[in-house]
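Undergrad: Dropping the structure in here first, questions after.
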Amino acid sequence: MKQLVLASGNAGKLGELRAMLAGVALQITAQSEFGVQDVPETGLTFIENALIKARHACLMTGFPALADDSGLIVDALGGAPGLYSARYAGTPTDAAANNAKLLEMLRDVPVGRRSARFYAVIVLLRHAEDPQPLIADGCWEGEIVFEPCGSGGFGYNPIFFDPLYGMTAAQMGAELKNKISHRARALEQLRDCLHTFMA
């Protein structure tokens with residue numbers, strides 16, 4: 001079984017990725033298990049940040065690395081929090097504070113004008129200088145509710161509502177979320193290529 005490093009120490013992401021890639025012959029380990037710290041996200045796009053993280057993980061561990069950069073894009077806020085989703089309320093990152101700030105920013109925005117989407121880019125590098133990274137992206141359309149609802153998931157899940165399913169991401173079971181999320185959609189693009197890419 002091939003080793004693949006997740007360029008993140010986020011336990012929620014690691015669990016999601018392991019569940020979504022079940023059946024693929026990969027041992028997925030968080031970079032934190034190798035003592036690798038997060039690298040500053042200095043890119044100006046989701047793709048740049050994912051590449052920065054994947055290269056850093058490859059360089060520090062010597063293994064192929066998978067990195068994602070994702071965020072919540074809210075139309076009424078001109079795309080914010082976007083690239084700064086994890087640090088929207090400042091650092092250190094705090095999901096509850098991020099959610100509270102976002103809800104405050106949308107306080108006067110009525111139903112019907114609270115459209116949003118989760119967007120994810122996933123990058124897979126065989127080595128730090130891989131000239132041909134595998135890149136996929138995924139989008140999950142929804143809207144922002146007026147108050148948090150549900151206890152599952154992480155990040156903005158309690159305030160991101162999927163009208164098709166009539167619930168927030170935090171109210172969904174992991175099985176459903178792992179089929180329809182932005183990250184799941186990006187990983188679905190990668191799944192078929194993983195066997196060849198890792199050979």
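Every residue, even glycine, has its Cβ placed from backbone N, Cα and C.
What Swiss-Prot records for Asp69 is active site, proton acceptor. The substrate binding site annotation in Swiss-Prot covers Ser8, Gly9, Asn10, Ala11, Gly12, Lys13, Ser70, Phe154, Gly155, Tyr156, Asn157, Lys177, His182, Arg183, and the record cites sequence analysis as its basis. The Mg(2+) binding site annotation in Swiss-Prot covers Asp69 and rests on sequence analysis.
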Undergrad: Let me know the DSSP-derived helix, strand or coil state of Gly12 (substrate binding site), please.
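TA: Going by the DSSP assignment, Gly12 (substrate binding site) falls within a helical segment, counted as helix.
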Undergrad: Report, in whole Å, the straight Cα-to-Cα distance of Asp69 (active site, proton acceptor) from His182 (substrate binding site).
TA: 11
Undergrad: When neighbour density is defined as the number of other C-beta atoms within 10 angstroms of a residue's C-beta, which of the binding-site residues Ser8, Asn10, Asn157 has the lowest density?
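TA: Among the binding-site residues Ser8, Asn10, Asn157, the sparsest Cβ neighbourhood within 10 Å belongs to Asn10.
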Undergrad: Which has the fewest other Cβ atoms within 10 Å: Gly12, Gly155, the binding-site residues listed?
TA: Gly12
Undergrad: Counting only residues 6+ apart in the same chain, whose Cβ is under 8 Å from the Cβ of Asp69 (active site, proton acceptor)?
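TA: Looking at Cβ-Cβ distances below 8 Å from Asp69 (active site, proton acceptor), excluding near sequence neighbours, one finds Glu41, Gly43, Phe46, Ile47, Asn49, Ala50, Lys53, Leu83, Ala120, Val121.
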Undergrad: Three states by DSSP: which one describes Gly155 (substrate binding site)?
TA: coil
Undergrad: Near Ser70 (substrate binding site), which residues of its chain come within a Cβ-Cβ distance under 8 Å, counting only those 6 or more away in sequence?
TA: Phe46, Ser85, Phe118, Tyr119, Ala120, Val121, His182, Arg183
